[in-house]
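What follows is a single structure, written as structure tokens, with notes after it.
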Amino acid sequence: QIETNKKCQGGSCASVCRKVIGVAAGKCINGRCVCYP
């Protein structure tokens, strides 16, 4: 998993993870987006 510094209040991490790892797979943990390659 790849932790990002993107906050994810009231939103999904799909667009963030798509930019970071090329796959829209991730979830919000402790207010931050965590992506799963």
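Glycine too: its Cβ is placed from the backbone N, Cα and C atoms.
Among the features that Swiss-Prot reports, pyrrolidone carboxylic acid is placed at Gln1, with the record citing experimental evidence. Under a cutoff of 8 A between CB atoms, and with a sequence separation of 6+ in the same chain, the neighbours of Gln1 (pyrrolidone carboxylic acid) are Val34, Cys35, Tyr36, Pro37.
Among the features that Swiss-Prot reports, site 'Hot spot residue in hERG blocking currents' is placed at Lys6, with the record citing a curator's inference. In the three-state DSSP scheme, Lys6 (site 'Hot spot residue in hERG blocking currents') falls into the strand class.
As annotated by Swiss-Prot, disulfide bond applies to Cys8-Cys28 (among others), with the evidence given as experimental evidence. In the three-state DSSP scheme, Cys28 (disulfide bond) falls into the strand class.
Look at Swiss-Prot and you will find Cys13-Cys33 (among others) tagged as disulfide bond. Sequence-distant contacts of Cys13 (disulfide bond), defined as residues of its own chain at least six apart whose C-beta falls under 8 angstroms from its C-beta, comprise Thr4, Lys6, Gly26, Lys27, Cys28, Cys33, Val34, Cys35. In three-state terms derived from DSSP, Cys13 (disulfide bond) belongs to neither a helical nor a strand segment and is classed as coil.
Counting only same-chain residues six or more apart in sequence, the Cβ atoms lying under 8 angstroms from the Cβ of Cys17 (disulfide bond) belong to Thr4, Val23, Ala24, Ala25, Gly26, Cys33, Cys35, Tyr36. The feature disulfide bond is assigned by Swiss-Prot to Cys17-Cys35 (among others), with experimental evidence given as support.
Cβ-based neighbour count (10 Å, all protein chains) for Arg18 (site 'Hot spot basic residue in hERG blocking currents') stands at 14. The DSSP secondary structure for Arg18 (site 'Hot spot basic residue in hERG blocking currents') is helix. The site 'Hot spot basic residue in hERG blocking currents' annotation in Swiss-Prot covers Arg18 (among others).
Applying an 8 A CB threshold to same-chain residues 6 or more apart, the list for Lys19 (site 'Hot spot basic residue in hERG blocking currents') is empty. Residues or ranges marked as site 'Hot spot basic residue in hERG blocking currents' by Swiss-Prot: Lys19 (among others).
The feature site 'Basic residue of the functional dyad' is assigned by Swiss-Prot to Lys27.
When Cβ atoms from all protein chains are considered, those within 10 Å of Tyr36 (site 'Aromatic residue of the functional dyad') total 12, not counting its own. Mapped onto three states, the DSSP output places Tyr36 (site 'Aromatic residue of the functional dyad') in coil. As annotated by Swiss-Prot, site 'Aromatic residue of the functional dyad' applies to Tyr36.
Distance noted between the C-alpha atoms of Cys8 (disulfide bond) and Arg18 (site 'Hot spot basic residue in hERG blocking currents') is 14 Å.
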